[in-house]
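Scroll down for the structure; my scribbles are underneath it.
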Amino acid sequence: MNALLQKVYFGLVGLFLSLPIIVVAGVSVNEKQTLAFPPQGFSLGWYGEIFTNSEWRSALFASITLAALSAAVALLIALPLAWFLWRRHAPWANIFQLLGIAPFTLPPVITALGLLTFWATTGFYGQPATAVISHAIFFVTLPLVTLSLGFSSIDRSLVEAAATMGADDRTIFRTVVLPLILPYLISGYAFAFVLSLNEYIVAYMTIGFTMETLPIKIFNALRYGYTPTMASVTILFVAIAATIFGLVARFGDLPKLLGAMSSRD
Amino acid sequence: MRREAPQKFSDYGPLFFPAGMLIVFFVVPFATMIAVSFFRRDPAGFYSPDFVFDNYARFLSLFFGKVLGFSLFLAVMVAICCVVLAVPFTYLLSRAKRKTQVLWLVALLSILSLSEVIIGFAWSTLFSRTAGITNLLVMLGIMNEAVALNPSFGAVLTAMVYQALPYTVLVLYPALVRLDPTLTEAARTLGASPMKSFFTVVVPALRNTIVATLIMVFIFALGSYLLPQILGRPQHWTLSVLITDQAIYQSNMPFAAAMAVFLVLVTLGLVALTVYAGRKGEAA
Amino acid sequence: MSGLTLQNIVKQFGTFTAVRNVELTVPHGTFVCLLGPSGCGKTTLMRMVAGLDLPTSGAIRLDGKDITNVPTHKRDLGMVFQSLALFPHLTVGENIAYSLRIRGIGKEAQKKRVDELLAMIHLAGYADRPVAKLSGGQRQRVAIARALAISPKLFLLDEPLSALDAKLREAMQVELRQLQQRLGITTIVVTHDQREAMTMADTVVVMNGGEIRQAAPPVEIYRRPADTFVADFIGMTNLIDFSADGTGASVLGASIPGLAIPAGLESGIISVRPEDVHLTAPGNAPISGTVTFVRDLGGTIETFVEAAGKQVVAVSMPNARPDVAVGQTVGLKLNPADCVVLKS
C-alpha cells in the first residue's frame, strides 16, 4: 500500500518532468512545418535541419565551441585555486573561494549585467572571446565545488608517503594528486560544459548582437517564427545532457558528487 | 601532510591566475556595475560618468513597487510549491535503491541544465492550442475544443516550478541522504505509522534545512527572466525581466544597473538569512 | 503459549540468504542474546521480529498471535538501535514521551511516565535537556527509557552498548540485566561480544551463516558447545584432531583412556578449554611437547606448546604459575571429562 503510494508519487513527478519533453519530441517529428501535437505524419527531417541549415549549424557550432572553451578556462581557474586552498593554510585565500561561488549563486541577470557593463566600458563588447571569459567566470563555481570536494577526499598521508619516497611538490602533484583528482576534474568540466551549452542570458548580453548560440537562436525563433527545428534542437540538448550526466554517473560516484555539491562544504 | 602557510613568494604561484581572473572579470565588472548605477543615461551611447541618485529614485514609483511586489510574490510561490513537492519526493528518493537514485539524479540534472529558453519553449508548446495538453483532453473526450493556456499566471508558475524543482531536490538531497535512517525506524518501533513518522520526525529534524532550501529556491526563482516573458503577460514580468529590458531594449544601463544592485542587496540579505538559519541548525 | 516463537524463518536478499530456517522459542520474561560474527544474520533476524524487514517465508508469533505481517508501529514493542536513533530535534523528555504522544496519551500522564522512567535510569531532572548535550552513557539510558515508555511486550536491543567504552559497557551490561529482571520483560539483544552475552542472557543463541548453531544457557554454551564453530567462537579453545578405532581414541599421538567416543565415529575433533590443559613434567603425561611462547598477562599465564606438530594453549592462574621457559619440553595432561567430542 505504502510502496504503491510511493510509486504513484514518483510516477506523477516523473510525468510532470517528462511531459514537456514528450510533447516537444512529438512536435519535432511533424512532417510539415507546423508545431502540432500529436504530430501529423512522421519525419526526422527537422533533426537533419540542425546540420543542413547553415544558421542552425553555425549556432550549434558556436554553442559547442563556447561550451568547450569556457569550461576549459573555468577548469584552469578552479584547479590551481582548489589545489592551493587544499595544500596551504591560508584562511584569507578563502575569499577567492567565495568569489568563485558568488557568480553562480547570484541571480544570473546580475552577473550578466556586470559583465555587459564591463565589456562595454573596456570596449571589447561583442567580441566572441568575451563570451568565453564571461561563461568561464559564470560557471567556475561548478568545477571549483567538485574539485574542492575531490581534494578533501584525498588522504593527506598519501602526500607524506610520496614525500618520504623522494617526490617533490611538483612530482607529487603529477603522480599522486592529479590521478586521484581526475574524476572530479572530468565531472567539473562536464557540469560546466552542459550548463554553458544551455546558457542564455550571459551569452545574450555579451555577444547577443553579433553571434547566435543555440539558446539565442531558439529564443529568436520563438519571437520571429516558429519552426519544428526548435523542437529537434531541444531534444538534441536533452539527449546531450542526459548522455553526459549518464557518463558522469557511469564512471563516477554521482550521489557522492551531489551529496556535497549543494551543501557547499 | 601538514598544511603550511605559504613561505616563499613562489608558494603563492598557483593563486595568481585564478585570483587575477576572478578579480578582473568578476570583482571589477561588479564594481563597474555599481559605478554605472550612479551614472547618467546617454541616449547617444551607453552612459556618461556622473554621480546621481536618479536611477535609485526611480524605484519609488508605483510601477516599480508593483513589479518588485510581484517578483517577490512569484518567487515565494515557486519556493513553496517546490519545497512542498520536493521534500517528500527527495525523502523517498534518498531511501530508494542506489540504481534508482542515480537514474533520477541524471534525469534531474539533465532538466536542471536545460536552458530557460528551452523550458519556456517546451511549456509554451504544451500550453498552446495547436500542440498543447488540451488536445490530449479533447482526444480523451474530456474537453470539446483545444484552447491556449498561456499567457497566464498559471503558465508562468508551472514552468518556473518545473525549472526549480530539480534544483530543490538537489539542494535537499544531501541533507536527506545524511539523515539517519534509523530515526524513522525508531519512530516506527515506537508506534508511528510511516506517514506519522515522516511528519513527526523527518520534517521537524530537517526544519532548518527546509527553511534554508526555501530561501535558496526563492533566490533561484528570483533569477528567472525568460519564463515570465515567454509564458506571461507584461504584468507577470519580474525584476529580472525588467533589468534585461532596460539594459538591452531601452539601452538604459544606469537604471538597469541600479535595479541589479538592488536585487543583489535583496539576495545577499537572504543569503545571510540562510547562513544564519544554517548556523542555528548546527547549534541545535 | 506466551512469549515469542519464530517458525522456520527464511530471509533472502536477492540471491543471498541472510537467515535460513530459524526456529526459536523465547518464553515470556526471558533474556535472549543473539550472538555471532558480523554478517551472521542476527541483526536481520531482530529486524524481522521488529517488523522492519519482512521474512521471505516463515511465521513470527507473539503470545500465540501471528504477527508476521503486522506493521512495526502496531506491534507494541520497544527497540534500542545501535545508533540509538534519539530524535535530535526533541529534548530528553520529548524523546521518551514520543511513543505516548503518538498514541494520544494526555500531557499529564505523559509527564508522569517520563518522570518515572527518568528516575529509573537515574536521570531525574534531565527532561528538558537537548539530547545533544548528554554523554554517551546518558544517551544510552535515554534510548532504553524511550523504548520502555509504553511497557512493551517485547524489548529489542541491537548492539546497544557497542558505542560505549569498555568500562562503561561492562557496567551497563549488569545494569541492563538487573533492569530486565526487575521488569520481567521479554528481551532480545543482538551482540557480537560473547562476554556481553554471557553476562546478561538466560539463553544465548549462537548464529553463523544465517543459521542458529546452538541455543542454550551461557554455561552450557561454554562447557558443551554443539559444534566446532560455537566452541571456537565462545572463549578460547583448543581444537585437536583425534582418531578412534573402537577401543580408544588417539589424540596428539597418545591415547586418552576414558574418553568416550560415540560408536562409529572414526575421527573428529575434541575441544579442550585452555584452563583444562594441565602442564606436567615430561614423563608424567602421555603427551609431550615443546614450549614455544609464554604470555604472562598478570591475571593469567598462557603457555603455547607445540605437540605432534600442533599448537596447544594452556592457561594457568598465577598461584599455580608453571615453571616453564621457551624451548623446554613439557607434558600435557587432559581429563576426559573436560574434552568435548565434536564432528569435524
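Every residue gets a Cβ built from N, Cα and C, even glycine.
Some features that TrEMBL has for this protein:
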- A:9-29: transmembrane segment (TRANSMEM)
- A:59-86: transmembrane segment (TRANSMEM)
- A:60-248: domain 'ABC transmembrane type-1' (DOMAIN)
- A:98-120: transmembrane segment (TRANSMEM)
- A:132-151: transmembrane segment (TRANSMEM)
- A:172-195: transmembrane segment (TRANSMEM)
- A:201-219: transmembrane segment (TRANSMEM)
- A:231-252: transmembrane segment (TRANSMEM)
The transmembrane segment (A:201-219) vs the transmembrane segment (A:231-252): 3 or more CB pairs under 8 Å:
yes
Do any residues, 6 or more residues outside the transmembrane segment (A:59-86), come within under 8 Å Cβ-to-Cβ of it, and if so which ones?
50-51, 93-94, 96-97, 100, 128, 131-137, 139-140, 142-144, 147-148, 150-152, 154, 173, 177, 185, 188-189, 192-194, 196-197, 203, 211-217, 233
Can you tell me which of A:9-29, A:98-120, A:231-252 gets the most C-beta pairs within less than 8 Å of the transmembrane segment (A:172-195)?
A:231-252
Can you tell me which recorded stretch out of A:98-120, A:132-151, A:231-252 has the most Cβ pairs within less than 8 Å of the transmembrane segment (A:9-29)?
A:231-252
Cβ contacts under 8 Å made by the transmembrane segment (A:231-252) with residues that lie 6+ beyond its boundaries:
21, 24-25, 27-28, 35, 46-47, 49-50, 56, 60, 183-184, 186-187, 190-191, 193-194, 197-198, 214, 217-218
